[in-house]
Amino acid sequence: MALRGFCSADGSDPLWEWNVTWNTSNPDFTKCFQNTVLVWVPCAYLWVCFPFYFLHLSRHDRGYIQMTHLNKAKTALGFLLWIVCWADLFYSFWERSWGRFVAPVLLVSPTLLGVTMLLATFLIQLERRKGVQSSGIMLTFWLIALLCALAILRSKIMAALKENPCPESSASFLSRITFWWITGMMVQGYRQPLESADLWSLNKEDMSEQVVPILVKNWKKECAKARKQPVKVVYSSKDPARPKGSSKVDVNEEAEALIVKSPAKERDPSLFKVLYKTFGPYFLMSFLFKALHDLMMFAGPEILKLLINFVNDQQAPDWQGYFYTALLFISACLQTLVLHQYFHICFVSGMRVKTAVIGAVYRKALVITNSARKSSTVGEIVNLMSVDAQRFMDLATYLNMVWSAPLQVILALYLLWLNLGPSVLAGVAVMILMVPVNAVMAMKTKTYQVAHMKSKDNRIKLMNEILNGIKVLKLYAWELAFKDKVLAIRQEELKVLKKSAYLGAVGTFTWVCTPFLVALSTFAVYVTIDENNILDAQKAFVSLALFNILRFPLNILPMVISSIVQASVSLKRLRIFLSHEELEPDSIERRPGKDGGGANSITVKNATFTWARGEPPTLSGITFSVPEGSLVAVVGQVGCGKSSLLSALLAEMEKVEGHVAIKTRLLVTHGISYLPQVDVIIVMSGGKISEMGSYQELLARDGDFAEFLRTYASAEQEQDEQDNGSAGIGGPGKEGKQMENGMLVTDAVGKQMQRQLSNSSTYSSDIGRHCNSTAELQKDEAKKEEAWKLVEADKAQTGQVKLSVYWGYMRAIGLFLSFLSILLFISNHVASLASNYWLSLWTDDPVVNGTQEHTTVRLSVYGGLGILQGLSVFGYSMAVSLGGVLASRRLHVDLLHHVLRSPMSFFERTPSGNLVNRFSKELDTVDSMIPQVIKMFMGSLCNVIGACIVILLATPIAAIVIPPLGLIYFFVQRFYVASSRQLKRLESVSRSPVYSHFNQTLLGVSVIRAFEEQDRFIHQSDLKVDDNQKAYYPSIVANRWLAVRLECVGNCIVLFASLFAVISRHSLSAGLVGLSVSYSLQVTTYLNWLVRMSSEMETNVVAVERLKEYSEIEKEAPWRIQEMTPPSDWPQVGRVEFRNYGLRYREDLDLVLKRINVTINGGEKVGIVGRTGAGKSSLTLGLFRINEPAEGEIIIDDVNIAKIGLHDLRFKITIIPQDPVLFSGSLRMNLDPFSKYSDEEVWTALELAHLKDFVSSLPDKLNHECAEGGENLSVGQRQLLCLARALLRKTKILVLDEATAAVDLETDNLIQSTIRTQFDDCTVLTIAHRLNTIMDYMRVIVLDKGEILECGSPSDLLQQKGLFYTMAKDAGLV
């Protein structure tokens, strides 16, 4: 590990890797080997030879050799190599100065090599001076150096060939501003669907290893500035006192997360400041581009004014018209190029922020304390990485609008003032009136956003638990209860979404109507205050062009506000998470493994530990020391603090006081047969050490330990038949063989402990299954490779998104609502076109005596059309928003139903990250993005069609140009979408591993910390994030590539509209010219938005496609079959009959159970035993139909279980599983999720499970909140709760999968005695892991290789001296 840390920043680079160097068709050395061994070997050789060779040369002087060209070349080469080495060294120092962590080897090796090259140059000169013509020593040195250098060079060439560098850095200026450099990928994507191998490597400055450390470093600095003294943090519980059924969403999220008791002068660290400091300098370049674009935008209306004047002036020469046309075209093209450089900077900044946030959250999650973990659940942390990180990414594109939108408004109003005078103030008044409306909506949006995120966190947390505990849900038939729990949370979420939808509809109404109201009020005031104010074409259409410019900042501002609001909520959530307390690894002194003989391996002096600051200590007054080389056992009853003691030694708990030093490895066992062989036994009781000493000493003392032994004397020989009593208990330093009961290991060098939780090595059904599968597959390696895969990666679809996906989404909305939305969209845009055409007719009205006639009629109709527009907008906005909520609800219900109906094999194959991704990111897209995108897409489409209609009305000659331009547009768009769609899919697929890895990290964080493997896991996470961004980066550049080309098509429309207007100026009215050119000026923006929205539409609809993906997978049998439902009192007897039963895990694998013929009578107690992979667990899986039979049948009380519904079967059989799985929620919910039983029945079950006293002592009794995974209960207590579940159901058939891995002797004894008394009249099938528990059973079934080998009473089988006898002998029972 020390060498790994020396070789790489994150410890991920080993010195030697057999799979890289030997077991491969293309061998190579690891980077660490190259940078150390291959560099140091020639250096070591020369330095070892140097003293002897120098002595030899000093004594053997053969005269002086003249300087030759060869000698000069040798010396120059030596100096050149020395300079190269020093350049390497200085580059490493330069990187360090920029805050990048450089592996120590990159400083040491160049220094050593540089000094060695100086030595070689010195020896070359010394040889010349001593008359040595040729030297064997130097020849060998150069030969070794050359061979080592060639190996390194080959490796670098291979790495360069493997890499697919991004061509951006080598692109020319023109290629960069037009984004020509991505064309190669676009062509490739058009010819065939892109795959991950086609993607370029990320630019170095965009990679996690570059971006994340800078943010983390700046955050730490900010925290240090903000808190001159340690912050006092108190974590409140997750609102356990809230009454059941309360649906009110608490929006004060920080109260639930943490309460900070700060000293007066302390302030919260500013995350915004840190983000600005980290990414600001690059992002500031976008300010310049945006300002330039905003100023150029107003060139269009000014040139339009000149063009209308030119048309009105019949005497003006033609060249002026052509000049204005060219000017208009060039101005539009420059605008395009500048705008997309701005967008590129924004999107790249957003991408870097997202990378940095994910990296910072991951790193923080590895070090937060247990109390902080309770406050930030897995669901919340996943949302921080997915949804919140995305919010920052979205904000980057909008942030500049905060100053740009007001600037555009001010400039537009100034030019309007010049055009229409004080009348503009009427328009300003309308805008000012809209400000408070928008402000109220923004505040409401924030409230809803907080509530929405909270519900989403809870839902993802629950889904996470469901996916982790799906096997238990299926065994207990609890899917429906948990489906209802998820849907209840989702209902809260949808309520908030619905409110947001109403708010969004009002928002859209005000945004769309504001520019029209501004225009209407301005024109109305202008023509009414003075009869001589004539609304001519120049005034009307220049003003209209300015109003259209005004429309964009006014429309975008609410989106900006909404985005800032969302980002501020996310910023706060992220700040709270990053401010959580961290574990203090320094609270434990870690000594090196060999610091002198005779020292103590563990020393604990008067130490007190607690799980959370401010809580009463869990362990107090712990004092003990363990001499080096001792074998120690920790024993005690359920909940006495054994696990806590080991967690304390791992630095997983808060040390309140005392001193702890450690450098050893420990064994934790529940099998007391090992106790006589250990050196020291620590007896724990109530969080304190009650006794400590050797086995004999404690027996002689006749205290707690002696009492403990007397109670369980019968179990003294209990151990697994596989362990043979030799489980690595020999001398110190030997590696202990993994035992069933689990084991805690710490090696002498300070690598921390790992707890092998409940899964037994021998009898875990999963491991048994995989062993079997592997063994079978090895027989026939030619079988499909697919069969080998135990876990399936997330797959990307290819090709166009099918129309069925769109149709499916429309049906989810409801067809009536879908077509109503389309109708309202069309009516809105028809009204808009009509109002502008009416305006052009108005401006062409003749002027009589300095005034226009029919002004009142013109104004009234213009206003009426505006009102119609407003009503249509409100209608379609409401319809789309509500439709989106309806679709979202239906898609989620379908997804949840299909996932829960999937067979167990699906969950074993599919990483939980893939599913979490569907329920978090993909569903968020359907919730929030798709309705917005639909509105924008439909709006843009109608605007483009409308503009083309107006241009054709004004200048019919444009019909020659518009269709070809349309074809070019269509071709470019399809060309782009082929790549864009696939890049989006690849990005979605590469996102799943990020979440999967993150979930696994959170579940095993204590193990990672125990082995000090944080750096390796951080490196893996960074690689997965970079893989995800590798697909995202080309997609944002592809957007820019497309936009530049399409805006050029739009600019051509501007060119031809104004050109044809100039050509036919004698036959055109000024009103039509103004209408045509002002519409053409908008076409560029609308075309850009249309393509952006059509690609957004297609890429976002991929989320619907991915949600619907799981509806097509195989399902398990129906939960209920109405006509086959067994009687309510079935089974009455509990007779189980296996008839020629066979089972396989997958169709392409061999049978794991074959020819099982056995009848178990009602009330019979049967033990099932066998060695690893014999098929014991498979038998229970078959009984519960977790796997369907390959042949034969199982009959329970004359009913073939394959013919009835799964829930009808699983409700009537009870299992006490090996892994005691609990879910977050009340204790009562964990026992009875359907609320079928009364409180009295629940208390009775708890009493029989020996938990009544414990539950009675809890403040909330049955409503006590269990933490995620039941972490706030000991493993023994969890196992007893599983027993209470069985007691509550009290079915005729009980299956007991003995959980020796999780249970100490006391709990085991309690379970066995309860089963003997309470299930006396039931059929009990026990998968026995310890033979003594079934020695008094009526019958034992011995399985071997999936077949029944022996069957009979234990005494009969012992007499037969077969396999059962051998196993009993191994276990020390005979």
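Just so you know, glycine gets a Cβ as well, placed from its N, Cα and C.
Residues or ranges marked as transmembrane segment in TrEMBL: 37-55 (among others).
The transmembrane segment annotation in TrEMBL covers 76-94 (among others). Beyond the ends of the transmembrane segment (76-94), by six or more residues, the same chain brings 102, 106-107, 110-111, 113-114, 117-118, 120-121, 124 to within a C-beta distance below 8 angstroms of the stretch.
Under 8 Å from some Cβ of the transmembrane segment (100-124) lie the Cβ atoms of residues 5-9, 13, 32, 35-36, 39-40, 42-43, 46-47, 50, 53, 71, 74-75, 78-79, 81-82, 85-86, 88-89, 92-93, 135, 138, 141-142, 209-210, 213, all in the same chain and six or more residues away from its ends. Sequence annotations record features per position, and here TrEMBL assigns transmembrane segment to 100-124 (among others).
Summarising the annotation, TrEMBL assigns transmembrane segment to 136-153 (among others).
Residues annotated as transmembrane segment in TrEMBL: 282-301 (among others).
For 284-566 (among others), the entry in TrEMBL reads domain 'ABC transmembrane type-1'.
Under 8 Å from some Cβ of the transmembrane segment (321-343) lie the Cβ atoms of residues 177-179, 286, 289-290, 292-293, 296-297, 299-300, 303-304, 306-307, 310-311, 397, 400, 1039-1040, 1043-1044, 1047-1048, 1050-1051, 1054-1055, 1058-1059, 1062, 1065, 1077, 1081, 1084, all in the same chain and six or more residues away from its ends. If you look up TrEMBL, you'll see 321-343 (among others) marked as transmembrane segment.
For 395-417 (among others), the entry in TrEMBL reads transmembrane segment. Sequence-remote contacts of a segment are chain residues at least 6 beyond its ends whose Cβ falls under 8 Å from one of its Cβ atoms, and for the transmembrane segment (395-417) they are 283, 286-287, 290-291, 294-295, 297-298, 301-302, 342-343, 346-347, 349-350, 353, 424, 427-428, 431, 522, 543, 546-547, 549-550, 552-554, 556-557, 559-560, 563-564, 566-567.
If you look up TrEMBL, you'll see 423-443 (among others) marked as transmembrane segment.
Taken from TrEMBL, the feature transmembrane segment applies to 501-529 (among others).
If one looks beyond the transmembrane segment (541-565) by at least 6 residues along the same chain, the residues whose Cβ comes under 8 Å of a Cβ in the stretch are 297-298, 300-301, 304-305, 308, 391, 394-395, 398-399, 401-402, 404-406, 408-409, 412-413, 415-416, 419-420, 431, 434, 438, 441-442, 445-446, 449, 507, 510-512, 514-515, 518-519, 522-523, 836, 839-840, 843, 1071, 1074-1075, 1077-1078, 1081-1082, 1085. According to TrEMBL, the feature transmembrane segment maps to 541-565 (among others).
Look at TrEMBL and you will find 602-860 (among others) tagged as domain 'ABC transporter'.
Residues or ranges marked as region 'Disordered' in TrEMBL: 715-737.
Look at TrEMBL and you will find 819-1099 (among others) tagged as domain 'ABC transmembrane type-1'.
Panel annotation: around the transmembrane segment (859-887), residues 494, 497-498, 501-502, 504-506, 508-509, 512-513, 516-517, 520, 523-524, 527-528, 809, 812-814, 817-818, 820-821, 824-825, 827-828, 831-832, 834-835, 838-839, 842, 926-927, 930-931, 934-935, 938 of the same chain, lying at least six beyond its termini, place a Cβ under 8 Å from a Cβ of the stretch. The transmembrane segment feature in TrEMBL is assigned to 859-887 (among others).
What TrEMBL records for 944-972 (among others) is transmembrane segment.
Within the chain, the transmembrane segment (37-55) has long-range Cβ neighbours (under 8 A, six or more residues past its boundaries) at 15, 29, 109, 112-113, 116, 119-120, 123, 126, 137, 140-141, 144-145, 148-149, 151-152.
Same-chain neighbours of the transmembrane segment (282-301): 327-328, 331-332, 334-335, 338-339, 341-342, 345-346, 348-349, 352, 396, 399-400, 404, 407-408, 411-412, 415, 542, 545-546, 549, 1081, counting only residues six or more beyond its ends whose CB sits under 8 Å from a CB of the stretch.
For the domain 'ABC transporter' (1138-1370), the model's average pLDDT works out to 84.
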